Amino acid sequence: MDLLLLEKTLLGLFIAAITAIAISKLRGRRFKLPPGPIPVPIFGNWLQVGDDLNHRNLTDLAKRFGDIFLLRMGQRNLVVVSSPELAKEVLHTQGVEFGSRTRNVVFDIFTGKGQDMVFTVYGEHWRKMRRIMTVPFFTNKVVQQYRFGWESEAASVVDDVRRNPDAAAGGIVLRRRLQLMMYNNMYRIMFDRRFESEEDPLFVKLKALNGERSRLAQSFEYNYGDFIPILRPFLKGYLKICKEVKERRLKLFKDYFVDERMKLESTKSTSNEGLKCAIDHILDAQKKGEINEDNVLYIVENINVAAIETTLWSIEWGIAELVNHPEIQKKVRDEIDRVLGPGHQVTEPDMQKLPYLQAVIKETLRLRMAIPLLVPHMNLHDAKLGGYDIPAESKILVNAWWLANNPANWKRPEEFRPERFLEEESHVEANGNDFRYLPFGVGRRSCPGIILALPILGITLGRLVQNFELLPPPGQSKLDTAEKGGQFSLHILKHSTIVAKPRSF
C-alpha cells in the first residue's frame, strides 16, 4: 500500500468512527433494536464474531441473545431469526416488507446488481423474471416432459458405475459422475443439450468457471471490505478476479449456448406452442421487449448455480448418510424391491409409492440443508419484527437449519432418522407447510426449484440404492461428513470415495 492510500484510509476510519458514534446515539434514541453483542465504532461486531457467519455459529449466538438478534457488521445490519414464529413473520405475514434481497459487493458483480431473478429486489422486475422463468422451468408439465430425460441420465450413471472396475473394489468419487448428470438434467431443460462425458471440453470449461464463481461468491474472506467500505480498496484484486470470471462465464453462456440455440431456431419455423426448451421461451420474452440480453444471461447464470449445484449437494449428502447408515440403506432397497419388484427401475411416478425413500430425502434436507440460512432477505424500509424496530435495508437471515434441528422442536434432531417423517412428523412436507422445516423457504421468495429437485433426488438416490450396495472405501468404517459452509451454502467438505457393489437381479 502506498503512503497516500494509507493516509486516506486512516482519515476515512477517523471520519467513519465519528459518524458511527453519532448515528449510534441517534438510533439508540429512535429505535428499539433487537438484542445482540455490543458493537464498537466502525467495526461494529465484526471483530467479535469474525467473518464466518455460518449456521452453527449463528445458532450459538441465538442461544445467547434469543430468537431474534442484531449484528452490526461494520456499516451493515444483520438481523438473525431463529424461531418458527419469527420465520413466519419474515417469509409469510410480512412477506412484502421483507421480500427484497440484499447483495454484497461480490454478488453485485455476479448478478449485474440484481438483473437476475434470485437476487433482485422485490418489485416489478422480480415479478416479471419469476413469471418468465416459471413456465419453462417450474411447472408439473415440465416435470412430466423431462422426467424421462432424468431417468435416462440416472440410468447412464448406473451403467457407467457398473462398467468401472474401480467402483466395486477401491471405490470412486461418485460425485464427479453425478455432477455430469446434474448438468445434463438442467441443460436438457435449458438448451435441449447434454454433455457426452466428464472429459467433454465444453463441460470441463463450464464446470471450472462455475466452480470458480461459487468459490469466490461463497467465501467469507471478502466480508471485511463489504462490511467496512473504507477497507474496500484492499479488495481491488479480489473484485477484479470476480469481474473477470463473470465476464468469461457470461461470454461462454452466450457464445456456446444462447447464440447456438438462436442459430438453430432461425433455420426453422417455430410457434409458441412448439417451443422445445426453456431458452426458447426466454428468448421469446426478449423479442417481445420484456427483458434484455443481459437478463437472459443472468437467468442462465441463476440456473447454473441455484439448480445444479444445490441439488448436487443434497444428492451427495444423501449418499453419505446412506453409506454411514447401512440399515437405512437396506430399508430403502427393501421397500423398492417389495413395491416395484426386483429389476424395475425407479421412475418419477413411483415416488408416491415409496414413502420410506421420500422420508430419507426429507431427512437429508433437514439435517444437511443445502441453503441453511436461506437466501438472505431485506426490508427496503424501516419495519417491525418481534416487537423490535428493524432499520431499513437490514440483511435478514432466517436460520432454517436451526429451525429444523432445534431439540426444543424436534425429537433427537442430531440423529439421521427418516422414520420421524413417517411417525411423529408425518404431516411435515418440504413445501413449507410447517415453519420448523423450510429447506426451500416459503412465500413469495421461496425456491421454485423444489418441483425439480425432489423428483431428481428420488430418481437418483432410488436407482443408486436399488442397483448397488453403497459402502465406505476399504479401511474406513464411515465417510467423513465434515461440513463446509459458505455465505449461505452447506456442502460436504471432502468429496468421498464410495464403493458401489453391483446387485444382481
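The backbone N, Cα and C atoms fix where each Cβ goes, and this holds for glycine too.
If you look up Swiss-Prot, you'll see 3-23 marked as transmembrane segment, on the strength of sequence analysis. According to Swiss-Prot, the feature (E)-cinnamate binding site maps to Arg213, Ser214, Arg215, Leu216, Ala217, Gln218, Ala306, an assignment based on similarity to another entry. Under the heading heme binding site, Swiss-Prot lists Cys447.
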To the nearest whole angstrom, what is the C-alpha distance linking Cys447 (heme binding site) and Ala306 ((E)-cinnamate binding site)? 9
Which whole number of Å gives the largest C-alpha distance between any two of Arg213, Ser214, Arg215, Leu216, Ala217, Gln218, Ala306, the residues noted as binding (E)-cinnamate? 15
Given the binding-site residues Arg213, Arg215, which one has the fewest other C-beta atoms within 10 angstroms of its C-beta? Arg215
Kindly assign the residue listed as 'heme binding site' to one of the three DSSP-derived states: helix, strand or coil. coil
For Gln218 ((E)-cinnamate binding site), list the number of other Cβ atoms lying within 10 Å of its Cβ atom. 17
Ala306 ((E)-cinnamate binding site), number of other Cβ atoms within 10 Å: 20
At a 10 Å cut-off from the C-beta of Cys447 (heme binding site), count the other C-beta atoms across all protein chains. 23
Tell me which of the binding-site residues Leu216, Ala217 sits in the most Cβ-dense spot, judged by other Cβ atoms within 10 Å. Ala217
All-chain count of other Cβ atoms within 10 Å of Ser214 ((E)-cinnamate binding site): 17
